[in-house]
Amino acid sequence: MSQLSHDSAIVNSTRSISELLRQQKEQLNEFFFAKESPIGVALARIVICATVFIVMLDRWKYVREIYSTDGAPAQISVNFGFGELFPVFSGSVVAALFAIMLFALLTAMVGWKTRLSLIVANLLFIYFCNIDYVTTMTKYSVIATHILLLLTLSRCGDVFSVDAWLKRTAPANPWLGWTIEDLPQGYAWPRRCIQIMIGTVYFGAAVTKIHTPTFFSGDQLQWWMLTELNYEHPVGAFISMYPAVIVVMCYIAVIWEIMFIVLAWRGVPRMIFLTLGVIFHAATFFTLGLLSFPPVCFACYLAFMNDNDARWLASHGRWIMRKFHLRNWIAPLSASAAIKALSFQTPQIPKPQTTGYARVLRQTGLWGACCACLALMGVATEYQVDRYGVRRPEGPMVLEPMDQAVARKFLSPAPKFREVDKFFAIDVGTLLVADQLAIRKQYYQIGETMIVQCQLLPPHEDMYLECLILNEEGQIEGVQEVVATREMNRANFNWPLCENVQSGRHQIVIRSAGQEIARRTFFVNGETCDVKK
């Protein structure tokens, strides 16, 4: 009897495991292969193509210098010792290829020959990134190439595109009255792959930050905010004055990046993490001057839009139209467009019916002809601009000799740093957060502990620092000494304000190697000391 019950338990356990595996397989199939409208990937296509187009258009005037044999291309394969894996062409050929890439990005953005445009644009974009890894190959360009590849495998051109407009069967606008269910359906796996990609990118970025000690101390971001390494930013210098806030932001960013791939899939956590992502990347624009990276990540966020999100946006859009009576403005325009579309019909002269294959060949031929024309125009434009003055009437440009004083300055030995140049800031306060002075004060009560923090500029040698407190008469009331080793970016002095410090106006004096660096004034109030001895 016991043997039968044991066998029955094994059979039930096997069935439960099989049922669990079957459910997991069904959920996995539903996750990757569910049929849905390609609205999310279509919006991602528009944003990513527009971003890459604007970024590369800014490099148009430098194509001969950056990517051709006439300039100084820098292949990433050469840097790793593999030689030149990609051919480097002359300036005219590069100008033609660059024009074709810009045209392909533009047509992919509007959705004309979408798949072909994405293939051509991505291949040429990868080529130019590998030819110039100094400025063109960046984090956002690597992410963008993966997005373009996944969009090529999707049906992102079935909506919000010229291709969808050309496939219409109704004489008027085919999207009037359409619902989400009426849109073309495709598999969800390209959209899911974009989601997984951005999640793994965030997770890898978090792991990198964890292994970077200067990130959690806030030093890395603080120095970055004080520069304009990328572009100008309006609030970076202001935020850098509050290093404790930067430390808190660093911890929040790492936690968000680690948890993104786990929680950014459904329900309220998805909205929270996507909203935090939008805020995070918008903040990088205002504090770090990042212009290209945020829209690339926003394109990935659009891949999180599903049919339910589209229905929600459509319903709220209709509510806004009713609320502000926008339908009264849009309806006449739609009616006039429909009338114009109907007016183009000529039933008296039947049009020849073309097969789908012939229509595709005709559109492909037209697209190729436009590519050829744009390539010729790009070569002609680059030739006429003559940015380097090769064909000037007065002859090519020549190198002018450098001013001798400037040349001697460049060739002279590097000047020795002064002691004061090794200090970034000297602050006085009462609270440390991750070794950053969070609360700065000038007025203190007897019994409080004052913290004097010296923030140093790396690299520096081992430094001997002194901190003195002077009263109103200039007499020394206390001295502290500390050695700041070369790996330290901050040196702190803790001063209990007790019987040795009287009420009134005082000064902090910081010395390094026997030289006075700076003074700070503070005031002490109160009569008795509450500090326990």
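From the backbone N, Cα and C atoms, a Cβ is placed for every residue, glycine too.
Bear in mind that the values here come from a model prediction, so they are computed numbers and not experimental data.
The domain 'HTTM-like' annotation in TrEMBL covers 33-309.
Feature annotation from TrEMBL assigns transmembrane segment to 39-57 (among others).
The transmembrane segment annotation in TrEMBL covers 85-110 (among others). Only residues 6 or more beyond the boundaries of the transmembrane segment (85-110), in the same chain, are considered here, and those with a CB under 8 A from a CB of the stretch are 45-46, 49-50, 52-53, 56-57, 60, 63-64, 67-71, 73, 75, 77, 117-118, 120-121, 124-125, 127-128, 130-131, 161-162, 367, 370-371, 374-379, 381-383.
Taken from TrEMBL, the feature transmembrane segment covers 116-134 (among others). Remote same-chain partners of the transmembrane segment (116-134), defined as residues 6 or more beyond its termini with a Cβ less than 8 Å from a stretch Cβ, comprise 45, 49, 52, 56, 66-67, 73-77, 79, 85-86, 88, 97-98, 100-101, 104-105, 107-108, 141-142, 144-145, 148-149, 151-152, 364, 367, 371.
Annotated transmembrane segment per TrEMBL: 241-265 (among others), in sequence order.
Per TrEMBL, the feature transmembrane segment maps to 271-304 (among others). Residues 40-41, 43-44, 47-48, 50-51, 55, 138-140, 143-144, 147, 191, 194-195, 197-198, 221, 224-225, 228-236, 239, 253, 256, 259-260, 263-264 of the same chain lie 6 or more positions beyond the ends of the transmembrane segment (271-304) yet place their CB under 8 Å from a CB of it.
Remote same-chain partners of the transmembrane segment (39-57), defined as residues 6 or more beyond its termini with a Cβ less than 8 Å from a stretch Cβ, comprise 98, 101-102, 105-106, 108-109, 111, 114, 118, 121, 125, 128, 140-141, 144, 147-148, 151, 154-161, 180, 183, 190-191, 194, 292, 295-296, 298-300, 302-307, 309-310. Residues 195-196, 198-200, 202-203, 205-206, 209-210, 215-218, 221-222, 225, 272-274, 276-277, 280, 304, 433-434, 436-438 of the same chain lie 6 or more positions beyond the ends of the transmembrane segment (241-265) yet place their CB under 8 Å from a CB of it.
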